[in-house]
Structure formats: structure tokens, C-alpha cells
Amino acid sequence: MTTCSAPGKVYLFGEHAVVYGEPAVPCAIERRARVTAEPREDGRVRVEAPDLSLDGFTVTWDDSADERPDLDVPTPLVEAGMGYVNEAVAQARDAADAPEVGFDITVESTIPLGAGLGSSAAVTVAGIDAGTRSLGVELSTEEIADRAYRAEYEVQDGQASRADTFCSAMGGAVRVEGEDRRTIDAPPLPFVIGYDGGAGDTGELVAGVRALREEYGFAADTIGAIGDVVRRGTEVLRGSEPNGGADEELLAELGRLMDFDHGLLAALGVSSRSLDAMVWAARDADAYGAKLTGAGGGGCIVALDDTEATETALDYTPGCETAFRAELATEGVRVEGA
Ligand SMILES: Nc1ncnc2c1ncn2[C@@H]1O[C@H](COP(=O)(O)OP(=O)(O)O)[C@@H](O)[C@H]1O
Ligand SMILES: C[C@@](O)(CCOP(=O)(O)O)CC(=O)O
Ligand SMILES: [Mg+2]
């Protein structure tokens, strides 16, 4: 039996545009998904995913014997819920050259689902590492990231960037631009997260942006403008002292860029009333900047504030279910125990 964990992430900037080859800077945060894998001789896959509740049901499923979770919810919803774990299992089987092997899998996570904090990437990355290690195969972190990307690409119908999975596998702050992916130095940034308790469907939101981009030249320009924001942000980070604290001027400039990015994402139709309300609450509380994180539609915003003001303001914002601080996770995927 092997347990591995991998962190979630926030986007400092660049989500959505990264799908079309623009750069993005996600940062891993100390909220992790833990996946335990135990090989089974009989080829069956049994999954316990207590955090995965669909319309109030907790899901346990078995991928063989034509069994699907016996739930009174539409099949596509169930399939969507199972997709990432199933693809992680497929990647682990492939990597270990054990196409027939079965697994008992348990998933536990402190990353809210579908909220823009990269729960899918964390579960996929940790699942591939746990699955292969339980078969005595140790993949490099790069290969785990690559296989997790392929898994997300499958589940999201060919619409995924390498950003989330690379960030979750490597930890820290990363910059991803098409095939080019690297870890970058970043000072400790005072992230505050607001969560509206809701979720957005990543595949659907990405498809919506794609349709806008195909229909309107100015939507394509908006995506290019997000890329410009990220290029500017990368320069700002490059000039920072990685081990020193983040100074006021640096935070102010990053915050302005986050604000700009949120405006561009809103223009692309991926914000929502509650995300906007939380962004404005953070700005009114004098956060350096605030934006939605991830696919949008509902879920989380991320703000930069080194005081208590934003967290307190979010606590009193209608539409915000909970607010919390998030530390940069310097460690990516790791073994939790054998
Ligand atoms: N704890 C978990 N257990 C099982 N599956 C999970 C868990 N967390 C996330 N997932 C998978 O990830 C999906 C959510 O991913 P996604 O829509 O990309 O949003 P995000 O990555 O922003 O959280 C869920 O529908 C489920 O398939
Ligand atoms: C919208 C996108 O840029 C990020 C999605 O992040 P999340 O799954 O909402 O955490 C999609 C992608 O990069 O694959
Ligand atoms: Mg995701």
C-alpha cells in the first residue's frame, strides 16, 4: 500500500490564456490531495472518494463488472466525477506496463472540488505516483507531470494546459508556456483565498472561451492581453529577491497585474456574481490585488494582502462561504508513507 500527496494551486495569473500557448504562473499551495493505492490481483479497481459527493451522495465505485455507482444522478455527472481517478489509474497501468492490474484506491483531499484550486491535477498527480509506486515503479517528477497532463487532457476533451499538473507535481511557483515549463523563484506571497462554496466545470468554461476566441478577433486579443500581463508579471518576479520578504512595491505591482487579469477574464465570461463580489470585497479591504483563480464560473478568488483586512472582509461578504490564508507549498508530489 502506498500513499502519495500532491498540492493544489492558485493562479497568480494566466489561466485560460495558457490553453492557447500564452504563459501562466500558477503557485502551489499547502492544501493537498492524498491518494492511497493497493494493487489487486483480480484486475478490479475499487475507489473510495469520500470528498466526491454528487447531490449529497458519497461515491464508491468499481470500474469492472459493468458496475457504475448506483446513484440517482445523470450518468455524465458520475462519469465526470470519476474521470480523473480513472485516467490516473490508466496512466499508472501504462507506466508500470501492467495493463491488467487492479487497485484499491482511496482519495482524501483538503482542496475544494471544482473551485479553481486544482483539485483535479492534485488527485491525478498523486494517483499516478501512488499507483506506480505500489507496483514498485518510481517515475521522475517530470514524467508524473507529463502523464497527469495527458490524463487531464483526456478528461477535458483535449482542452487542457500543462500548467496545473506541472505545478502540482513540482510544487512552488512555476511558469508554463506551451511545452516550456519551469519552476521559478518567487518570494513568499501573502495569498488570501475566498471560496463561494460553488464550483465551475473546467471543460465547459474552457469550451466557452474557445468559442468566443473563434468568433471574435477581440476575444483572441483579450487572450493575448492576458499573455502580456503574465510577461510583465514574470519580469516583476524576476527582479524580486527570492528569499527576502516580498516588498511593498513588488506586491503593489503584482496586485495591479492581478486586477487587470481579473478584468480580462471577466470579459471572457468566466467570472460570476459571487467571484466579482469577493474580488471587490478584497479590493475594498485594500488588498494589493484580487482575481478569480482557475477556470472560474464559481469557486475561489485569490487576493494578495499581508494584513488581516481581506480575510475579515471576505468573512462578512454575502456569497463568500469561507476565507483562508494559503502558504506557498514548496514541495510538490511526495510519498506520505508505505
Ligand atoms: N477528493 C477527490 N476525490 C475524487 N475526485 C476528485 C477529488 N477532488 C477532485 N476530484 C476530481 O476533480 C474534479 C474537479 O476538477 P476541476 O473541475 O478541474 O476543478 P478544480 O481542478 O479546479 O478543482 C472532480 O469532479 C473529480 O473528478
Ligand atoms: C482554465 C485552465 O487554464 C485552468 C483550470 O484550473 P482549475 O481546474 O479550475 O483549477 C485550464 C487549463 O489550463 O487546463
Ligand atoms: Mg482542474
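Glycine residues also receive a Cβ, built from the backbone N, Cα and C atoms like all the rest.
Annotation source TrEMBL lists domain 'GHMP kinase N-terminal' at 84-172.
Sequence annotations record features per position, and here TrEMBL assigns ATP binding site to Pro112, Leu113, Gly114, Ala115, Gly116, Leu117, Gly118, Ser119, Ser120, Ala121, Ala122. Look at Gly116 (ATP binding site): DSSP puts it in coil. Sequence-distant neighbours of Gly116 (ATP binding site): residues of the same chain at least 6 apart with a C-beta under 8 Å from its C-beta are Val10, Tyr11, Glu15, Gly200, Leu292, Thr293, Gly294, Ala295, Gly296, Gly299, Cys300.
Under the heading active site, proton acceptor, TrEMBL lists Asp164. The Cβ neighbour count for Asp164 (active site, proton acceptor), using a 10 Å radius and every protein chain shown, is 35.
Note on the domain 'GHMP kinase C-terminal' (251-309): DSSP counts are 30 helix, 9 strand, 20 coil. Taken from TrEMBL, the feature domain 'GHMP kinase C-terminal' applies to 251-309.
Here the Cα atom of Gly118 (ATP binding site) is found 6 Å from that of Asp164 (active site, proton acceptor). Listed in sequence order, Ser5, Ala6, Pro7, Gly8, Arg32, Ala33, Ser109, Ile111, Ser168 are the same-chain residues six or more apart from Ala122 (ATP binding site) with CB atoms under 8 A from its CB.
If you count neighbouring Cβ atoms within 10 Å for each of the binding-site residues Pro112, Gly114, Gly118, the highest count belongs to Gly118. In this structure the C-alpha atoms belonging to Gly114 (ATP binding site) and Asp164 (active site, proton acceptor) are separated by 13 Å.
For the pair Ser120 (ATP binding site) and Asp164 (active site, proton acceptor), the C-alpha distance works out to 9 angstrom.
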